[in-house]
Amino acid sequence: LHISLLSQKSSKREWKPLEEHGCTDVPWLLLFVLFCVGMGFICGFLIATGAAARLLSGYDSYGNICGQKNVKVEGIVNSGLDLTNKKYVFFLDPCNIDLLHQKIKSLALCVSACPMKELRTLADIQKFAETNGSSLCSYELQPSEYTTDPRAAKLCPKYPVPESAPIPFFHRCAPVNISCYAKFAEALITFVSDSSVLHRLISGVMTSKEIIMGLCLLSLVLSMILMVIIRYISRVLVWILTILVILGSLGGTGVLWWLYAKQRISANAVESQIAKDNLQALLIYAISATVFTVILLLIMLIMRKRVALTIALFHVAGKVFIHLPLLVFQPFWTFFVLILFWTYWITVLLFLGTTGNPVPNEEGFVEFRMVGPLKYMWWYHVVGLIWISEFILACQQMTVAGAVVTYYFTREKRNLPFTPILASVNRLVCYHLGTVAKGSFIITLVKIPRMILMYIHTQLKGKENACARCMLKACICCLWCLEKCLTYLNQNAYTATAINSTNFCTSAKDAFVILVENALRVAAINTVGDFMLFLGKVLIVCSTGLAGIMLLNYQQDYTIWVLPLIIVCLFAFLVAHCFLSIYEMVVDVLFLCFAIDTKYNDGSPGKEFYMDKVLM
């Protein structure tokens, strides 16, 4: 009843594609702008309070920032020093990494130069200090005391001191030899039990980097080619899939009945309880398979026209990419903007890690801890990561929807704008940023509780009882399903907004009514279409992986090239997913336009169809 009432209300208001443009969900745009201002305020506050200087210039274990004069910290010796000429952070034991707390367990000092060669003894450390003017031992020891003072065993670096080089922009002395971090890498890569294996894996990646880059480029080219030719092979793929499903179900059912008949003959000769149980089980399996096959065949018979619609939509989507070639580059722009935002977000996150008031720890060194309301900046920053990332992805969806809507509802394709993509971006910026902000916020509201529950589940792993574990997993699963449903509805709401320039709630309601009225068509597109796109991804990954095996096989220098191949296959899948997700988006937008077209037009004069002849 509720859906029928929504349908009646929706039908009262006519759809007027691209005829009216107006600003939508302005309050949500203002809220989003205020939130972004808050994100900027956090960054400014961290820079003003010295967190940025501590991150970029580095600081020692006594709270002194390297390369500048410092203020005395009460209760901490060696604080408040003038370290203008000491611009680099040096760790006395850089290889002592605490995996649990993700930090280096070592005394940190500010030095004027990093040791550019290995120092094997205290005498070498003393000579380095006298030659380069860089004291690698604690501040209370003079270079002349390195070999005579008994405190040098604790206050000087653990030797041999590895060769180090300053990290660009961050003024930290880092060991040049990666074997220093072998234990850390082995802890991350659990299947590596031998450091020599780890070294061979890393050397395989480094020496085959040209091949890896070439194969990544190959996956990119294959993805772009597939987007062009998928319209021609979609019909073949669907029929192959249909024939395989029919043959598989009929063949499986036939084999079960044949086994049942064979077992029945042998059971008459040998009367045993086990034989009777097996015979009864086979009969149940055969009957179940028969029922399943009949239902499957009826569904395929009913859905055959809907499957034909899916093929037609894929064909028209191929035409869209020919008329709108800039659609192919949408993943690049989105990825570029996301990388810029994530870089900013990670930078501010690092600022947050070095902000706060200097507090002495148990060892007598300085740690920076946030107290009071400042502790909640972390949560604000995390919410910002999710909301703004979803906002950027939603902008891509709205841009694609606007461009495809323009293509569909332009009767004469010769009259298309010169750049429909740029026209869509212009409409988005001028009218619909508020709608995008609202839609992305709804996804954020679902995603945050799911992430919190996943974190709780991780923290309680092995501690909670079976019932609590089952409840947590069920809640996480339900929230994941809800997020996927809302994402799909949001995408269709953006399409409705692009067509009618209505606000988010109205567009979501109208799109929901259309989708419910075409439920069988939606099911066909989301099953057959998604499977075809999945096959496309598999094709690209397999082709890239096969090319990688052939190239790496002819290189005799590689002892282990599993890791380069894994890197290439993962990149190929990521690229294929990005490109084919755009294709899937175009198909979904075309379907909603088609459903609206068939609902409000009948081909009569004054109500001519907008659709392509293939869809007719």
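A Cβ is built for glycine as well, from the same backbone N, Cα and C atoms used for every other residue.
Per TrEMBL, the range carrying the annotation transmembrane segment out of 335-356, 467-488 is 335-356. Tertiary neighbourhood of the transmembrane segment (211-230): same-chain residues 205, 314, 318, 321-322, 328, 532, 536, 539-541, 543-544, 547-548, 551-552, 555, 564, 567-568, 571-572, 575-576, 578-580, 582-583, selected by CB-CB distance under 8 Å and a gap of 6+ residues from either end. Against the transmembrane segment (335-356), stretch 376-409 shows more Cβ pairs under 8 Å than any other of 26-48, 308-328, 376-409, 531-552. Residues 344, 348, 351-352, 355, 377, 380-381, 384, 387-388, 391, 433-435, 437-438, 441, 504 of the same chain, all 6+ positions outside the transmembrane segment (26-48), place their C-beta atoms under 8 angstroms from a C-beta of that stretch. Looking at 308-328, 376-409, 531-552, the range that has the most CB pairs within less than 8 A of the transmembrane segment (236-261) turns out to be 531-552.
Remote same-chain partners of the transmembrane segment (531-552), defined as residues 6 or more beyond its termini with a Cβ less than 8 Å from a stretch Cβ, comprise 208, 211, 214-215, 218-219, 222-223, 226, 230, 234, 237-238, 241, 314, 558, 561, 564-565, 568-569, 572-573, 575-577, 580, 583-584.
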